[in-house]
Amino acid sequence: MKVWSIDTAGLYKLSKQVNGAVEARYLQGRGILHRQGKDRALEISFHPRLDYFSVHGSEKSVEIWRIRSEEEVKKSLARKRRRRREKMAANEKSAPEIDDADEKTEDISTADITDFFVPYVIVRTGGKVRSTDWIRIKGTKSIQLLIGTTNNQLEVYTVATKEKNKKSKSEEMPDYSRTLSVEMPGHRADIRALALSSDDRMLASASNGGLKIWNVRTRTCIRSFECGYALCCAFLPGDKIVVVGTKSGELELFDVASAAMLETIKAHESAIWSLHVHPDGRSVVSGSADKSAKFWNFEVFQEEIPGTKRTTPKLRLVHTRTLKVSDDILSLKFSPDARLLAVALLDNTVKVFFVDSLKLFLNLYGHKLPVLSMDISFDSKLIVTCSADKNIRLWGLDFGDCHKAFFGHQDSILQVAFIPHSQDGNGHHFFSSSKDKMIKYWDGDKFEQIQRLDGHHGEIWALAVSRTGDFFVSASHDKSIRVWEQTDEQIFLEEEKEKELEELYESTLTTSLNPDKNEEDDENEVGAAGKQTVETLMAGEKIVEALEIGTADLELMAEYEIAKASNPNTAPPARNLLFMALGNISAERHVLNTFQKIKAAALHDALLVLPFSTLPMLFTFLNIFATKEMNIPLTCRILFFMLKTHHKQIVASKTMRTMLDGIRESLRKSLKRQKDEMGFNLAALKIVGERVKDLGTKDYVDEETWEEGDGSSKKKRGFVQVS
């Protein structure tokens, strides 16, 4: 960290001056403070009342520094001087005597910056620090710091101040403690699964190490549980128990009312990727990467309370059947009529079995990559599947025919979900979420997109649609849970399509103007590398607009000059309001200002946007620039680039050749004058250099030699400073 001092008195005097440039330095470097952390400092925050400040980087620590008072700096300097004397005395050297009066009146302005700013304490946090802020408290001898971390939690640390620790040794590190933390209402890791209760009042969200139950209406967290690496979850009938499938192959049961884990079952030998409760509410099926799907019945038994003869009812899962398949199971789903079970495998296929006999009914194949999610419509007639190949497929469950396959997202599609009813005729509407941070709403009958929902800042891992279809919930890699509600506002599909096409056009416009690197040309091209951006396109449009307005103004003023020659009392014409707003500037000045506002690195790309039809207007203004010697370097750069770009067309045009002759004559005169001026200046600089060289040498003559009249002399090099 570098420390600077500001001359506030000098700045105040400068603010009182109206005219006149004053060469003075109001910012002086005082020194460098070295942090203990090796990462780059991201934020410095000063305490509003006390002499402390905090600094942090991207690691799990915040460094707190203390600013010493004037008396403390004097004591520190005296202590250093006393130690220096003791060290010199120990080395048997005579230490210079320093009067105590000089110590008391010592000037601290020459002290090192490390005597003013000293490290106080390093606060270790529970996650990588994102931002900090001081808490203003009154009547305490401690300071409090609020820290926000990257793992989605807030922490408040209390640090004892110097006044509170004045009885302790100065070498001891001050105490600090984490007094408050806001970590319950949020996940520390990616949210991998969501589940809504039967009445849509509660929401379960599961992540690596945490299961949380939320009140959907108030958006508050009502329960938090510790669990394994959760991959799927579901509410059991009654909404009192939540079952979670983990990456280690365990099923964990949690009681919402008592906020306790009921049971842990080693259900599979590998990760449990999917869970689904049977429509009759009496069983649940789990699908795992161990190539099996297991069916579990709900059983209530009476558990005896320890130390008493009383019993209490308790739910447990009983394994009844196992379905063996040929590959890992990634997703499974019961049909609403409880007749079929769809299983998505790692071999890119979806197999549909009869629930009662577990016999194979349909084999759906067509995806090029594994199916990550699927859902069945309310009438058990359609099944929608999504895959990592970015495609969505709609199948009929009668014969297993593919109704439609379409490109849904720009990246892997992670979830699909039908609306569970058809009250408004939207029973075949479904949602899809992807790694491209988008959620899309589709019509499964007409195979068209209804709406696109933006909002998340990371891939969307989970979706949960309410039983009524009035809202749905999404969870993302950005550790946020978003609730999307249906409104009464009408959507016009044509407008949505036009809006999406405009965004697509804007995103591909710049890349379409870049040359194709795979294009095979007979001639080898050598040129500067360039890339079109939205900024260069806008700059090109501004140039065209300025040329058109400027040309019209030149023609208008030419007509005025002709009319004025015949009638001196002719009134001046009404010019474009833009010129009047800019201070009644000339047309060539406006065009030149437009060019000068474009960044030098983007000038060539902006000139490439200009059509060939604008070259006569451009050459007209370049001729004016050369005649009036207006920014000759920029004029030459524009001229040479346009000549190189449109060489063949310019040579074939007689009009262009005539205009180029005029530009050549004007430009040659301007360049010759500038060349003469530069030559004159270079000659003057050489003369000044020779004078400096002569003044930098001195003659000396020995007295004896001078007396003998020898007159010989030698030259000795001297060093002088020229200001």
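Positions of Cβ are set from backbone N, Cα and C atoms, glycine also.
Summarising the annotation, TrEMBL assigns region 'Disordered' to 78-103 (among others).
Look at TrEMBL and you will find 87-96 tagged as compositional bias 'Basic and acidic residues'.
The annotation repeat 'WD' is assigned in TrEMBL to 184-224 (among others). Secondary structure counts, DSSP: the repeat 'WD' (184-224) has 0 helix, 25 strand, 16 coil.
When Cβ-Cβ distances below 8 Å are used as the criterion, the repeat 'WD' (265-299) is approached by residues 231-237, 243, 245-253, 315-338, 341, 343, 346 of the same chain, each at least six residues removed from its ends. The repeat 'WD' annotation in TrEMBL covers 265-299 (among others).
Residues 330-331, 333-337, 339-340, 342, 344-352, 411-422, 427-428, 430, 432, 434, 442, 444, 447 of the same chain lie 6 or more positions beyond the ends of the repeat 'WD' (364-405) yet place their CB under 8 Å from a CB of it. According to TrEMBL, the repeat 'WD' annotation covers 364-405 (among others).
Summarising the annotation, TrEMBL assigns repeat 'WD' to 406-452 (among others). When pLDDT is averaged over the repeat 'WD' (406-452), the result is 88.
The repeat 'WD' (453-485): residue composition by secondary structure is 0 helix, 19 strand, 14 coil, according to DSSP. Among the features that TrEMBL reports, repeat 'WD' is placed at 453-485 (among others).
Per TrEMBL, the feature region 'Disordered' maps to 508-528 (among others).
If you look up TrEMBL, you'll see 588-688 marked as domain 'Small-subunit processome Utp12'.
Look at TrEMBL and you will find 704-723 (among others) tagged as region 'Disordered'.
Summarising the annotation, TrEMBL assigns compositional bias 'Basic residues' to 714-723.
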Cβ-Cβ under 8 Å with the repeat 'WD' (184-224): same-chain residues at least 6 beyond its ends: 127, 151-153, 230-235, 237, 239, 242, 244, 254, 256, 259, 461-468, 471, 473-477, 479, 481, 483
